[in-house]
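*Asks:* Encoded as structure tokens, here's the structure I'll be asking about.
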Amino acid sequence: MSPIVLINIILLSAHSVIGAVPEIENAREEKLRSGLIDAFQNIKKASSKGGDDDLSSDLIGSMIPLPSPSKNDKFTTDDSFDLFADDDGLTFSEAFGNVETEKRVSTTEKSHNVQHIVKTTRQVEKTTTKPSNIIGKLADSIRNTVNESRMQMAMVSNDTNLLGLESMLRVLDAEILVQQWGELQNTVDGQCKEDMQEYVEGLQDKLLWALKMEDASGRYTSMFYWGNNYWTGSAELCAILNELHAPSKNHNRSGGSQIFSEWRQDVSVTGLGPPFDTAFYNVRMSVSTDLPDIVRTRRTLHLGLCLPRTCSREQVGRMVGAVRAPLLHHKVVTVRSPEHGGYTYLGDPTFQILLAVSCIVAVLLVSATVYDMRLAREVRARRRRAHNMAVAESGASDHKLDLNGLDAITVSKGKSMYNVNNNNSEERLTAETASTDGDLKLSVWSELLLSFSMKANILQIFDQSVGSDTVPEVHGLRSLSMVWIIFGHTCIVVFKYADNTALRAILEKSFLFQLIISAVYSVDTFFCLGGMLVTFLYFRTNAKGKLDRLTKGHRKITAGVLQFLGLIAYRFARLTAPYLFMLGVVEVIMKWFANNAVFEPPAMDHETCPKYWWRNLLYINTLFPVDQMCMLWSWYLSDDTQFYAVSAILLILATSHFKLSAVLTGLFFLSSLVTTGFVSYSSEHIPNSEDPFTQFDKIYDKPWTRLGPYLVGMATGWILFKTNLKIKMGMVWACVGWAVCTATFLFLIFGLYKTELDVVSAAVYSALSHSLWAACVAWVIIACSTGHGGWVRGLLSAPVLYPFSRVTYCAYLVHPVVLRYVAMHLTHPIHLGELLVFVLFLGLTVISYFLAFVISVAFEAPIVTMLKILSPQKKPHRV
């Protein structure tokens, strides 16, 4: 006899016995109660040992009355236990159990029995108008016993579900998709719905192509608490499923072929693909949970899904958003799909312009190089004839002429000559040394064409000599600072796409990691060098009287305005050609990444560049919010150009009113310090070793907070000019200067390590730190250029660094593009380590400098050469 039937018989017997003999009611009541409690204890023990599920279901359904639904109550298939309900009203059973399955089994025998018993119980309650105390007491005892059993069973079941993160951190997998497909199919329509139905049936039938699609989809694997937010799966496997892979008919029994055959079978390379085209979707979602011990804060997950291609990104977003995950509460933010990108290069007007410019420049480079080589042969032939004539006249036979050298265009008395430079001297073809054919004169168009000569530009970049107006140590400072910047940017980008982002929190606690964080000071080095070179070269050029050629015959005010316009025009022409080209490249590739990459791009340049590129062209983009900036790293060019304009005014003013210019320079410097400190204090900015880019839009990129290092560089340039690079300094003072400089460098690099600043001290640090760094760089320049640098001077002025220094500008423009290109072509996150980061840095540095060399030869060097041809110098100035 079934236990549940026994319970009903006991209840009916108890009801019939109640009114029989009142005088023995108490004895029978106690006896009956004792028997029922013993029976339920036995049932409870049996169920806890793995008894019949139907028994527990029938027992619970028959003895616990269902609450009457109200407008504010949510209907559930199980009883509501407030003990396990969360803030959203989600019960413990709904959160961890299979609610959908329970809803869909209403026609099973279990649900039928439960409904039948509940119905019978309610009928008994309606016919019993005055139940006795024994019935109430028995019902209370039975209900309490059953509730206790139910709670223990639920706790045991849910504890089993909680074992392992793989069962808790589930959003959408094959099991959830199949179980909830009855509801999820309402979120899609059309061919997508039909293909998804076929995919679900394939999962149920365990078909190989369906299992491969599930295998290509992402899910929790490991390292969730190590920062793994990329559950990307395999975009490659999803893409390869679109191809049919019939088993090979070649049954070669040789040993090697057999090994590869078994390997291919082992990794399931062979087999047929799905009956529809597949596509890979990357769903970005924010997740949280009501259990803070498991997920303490809201996380952003990237879930890769291999689904039918007929599903649009919107349909996939709705379907994933409708999924009821066991533990996580998720909200879909955006869905990416490379197969649904919709962007092509050829249809973009920006790409068309870039392609046309590239073709024109390529034709100019090839034509100019061929023309240059032809002129070189002609010049050498004339020089050889002149040499032979000289030998014949003098009768000397041991005179040799070195014809291998650097070819260049020079200007003498307004006439352009094509020259052949040897290592020791520079000779010009004139009537005295050339043949009777006369001088080899070049027209303006020939000069402009030869500016694109790859041969001349390459030789100019790799030239091991420097001009007389150049401080050699500048080359070393440029090169080392640029490498430091690339290293810092590499760490920033690769950390974003790592599956162990928590490694940064570990590395930040290390002492040597401060070298990476402090890479922000390398920009101050560039500011200091820029101010120093502008001031030093301006005063030297003005002392030689060359600036008077542009302003001769004009009033001082008019002459000053002409000088200012000339300086700005030179600066604009010098920088804009490669800059504008890279703006177009960034816009095009970021559009492609935004639509076709698996990962999300690190910036919104595909939206900001088409709207705000003109701000970059005018070098005023730092005057606007940072979220509207195109090419975020171009903030340095904007600030440096604005500083150049300020310095031009101060320098022109200094030629006639030096004291006024010096006072204004000091006021600008103090105002920059005060402004930086005030902004830092008002925004409660606390510099720390974890994030040096905090308050980027208020402090880091604004010109009024970064002007100090540039003005320090201007003061340095004036000192070098006034002393003519000759400063007498004793050994003691030199040692003191180097000691103070080294101590300041170390303090700025490692000073924030395990240091907590208050708001006031943080404001003082923010105001002074960048200018202190520039002051130390100024000391290095002055000490090395005046003979007090020691081995540092030999390192910074090493000729091997000259080519890297000459392409620094293009390297700065190119290297973030290289970093983004590598990151956006990833389909899986990077597992970082110290050695891997260093290897990536080396590889990215090599690629960046190679591309910078190409951009410099094609765009920068020709412009520089043309500007020198137009300048009043007798020969091209080699930087």
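Placement of Cβ uses the backbone N, Cα and C atoms for every residue, glycine included.
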*Asks:* May I ask you to indicate which of 618-639, 794-815 is given in TrEMBL as transmembrane segment?
*Replies:* 794-815
*Asks:* Cβ under 8 Å to the transmembrane segment (835-859), counting only same-chain residues 6 or more beyond its ends: which ones?
*Replies:* 361-362, 365, 454, 457-458, 461, 483, 486-487, 490-491, 494, 577-578, 581-582, 804, 806-811, 813-815, 818-819, 822
*Asks:* Using Cβ distances below 8 Å and needing 3 or more such pairs, separated by at least 6 in sequence, tell me whether the transmembrane segment (667-683) contacts the transmembrane segment (353-375).
*Replies:* no
*Asks:* Could you check whether the transmembrane segment (733-753) and the transmembrane segment (759-782) come into contact, where contact means at least 3 Cβ pairs under 8 Å with the two residues of each pair 6 or more apart in sequence?
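*Replies:* Output yes: the transmembrane segment (733-753) sits against the transmembrane segment (759-782).
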*Asks:* Could you pull the average pLDDT for the domain 'Nose resistant-to-fluoxetine protein N-terminal' (189-337)?
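*Replies:* So the average pLDDT across the domain 'Nose resistant-to-fluoxetine protein N-terminal' (189-337) works out to 82.
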*Asks:* Would the transmembrane segment (794-815) count as touching the transmembrane segment (510-537), if touching means at least three Cβ pairs under 8 Å and pairs must be 6 or more apart in sequence?
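*Replies:* No, the transmembrane segment (794-815) and the transmembrane segment (510-537) are not in contact.
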*Asks:* Of the residues in the domain 'Nose resistant-to-fluoxetine protein N-terminal' (189-337), how many are helix, strand and coil by DSSP?
*Replies:* 54 helix, 33 strand, 62 coil
